[in-house]
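Chemist: I'd like to ask some things about the structure below.
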């Protein structure tokens, strides 16, 4: 059951993991003084925020869609709605991506993050999970997979932990790499920030399209 649940969630895990906003955020935090502790604070906040969103999504799906071992029609319509939203967002992001590669203009909020204290870095990390509609939609989409499996409480807990850790793997890797490499890793981290800023819309368009079509197909198949 666990492997089935995790396998069904992999597209959503990939989508959350590749969402650029939190990756840019942690890179900016790592570019300041005392970056290492700030990076770990950001990571801790992100993990706490994503865990809270995951628990809320599980409760939502459980309350609105549970019906023994068979998902109710609500779950299927929820999947259709989420799939359509994700596909629409993918198209919108694709058209916003510039036709020619240009030097990115960092948003103003990046500068504020770069000057943030450790406590602020913790709060920013949490807010990037709790306050990002894209992350919320992706997590809810992932948790609808559990409606098909009727897992136990323990199995839900294990799946949730695995989901949070895998979806956070890029942030964990970036913070760990900076901790090991120190200043030597700064140049690579700065290059990563530029890449993400240039290609964030295209990256999200691809992962949203893949996940949206997958979830939409599950929803349509369920109501037949």
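Any Cβ shown, glycine's included, is placed from N, Cα and C.
Per TrEMBL, the features are:
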type	residues	note
TRANSMEM	6-30	transmembrane segment
TRANSMEM	42-62	transmembrane segment
TRANSMEM	74-95	transmembrane segment
TRANSMEM	157-181	transmembrane segment
TRANSMEM	202-223	transmembrane segment
Chemist: Is the transmembrane segment (6-30) in contact with the transmembrane segment (202-223), using three or more Cβ pairs under 8 angstroms as the rule and ignoring pairs under 6 apart in sequence?
Modeler: yes
Chemist: What residues elsewhere in the chain lie close to the transmembrane segment (74-95), defined as a C-beta under 8 angstroms and at least 6 residues from its ends?
Modeler: 61, 64-65, 134, 137-138, 140-141, 144, 147, 201-202, 204-206, 208-209, 211-220, 222-223
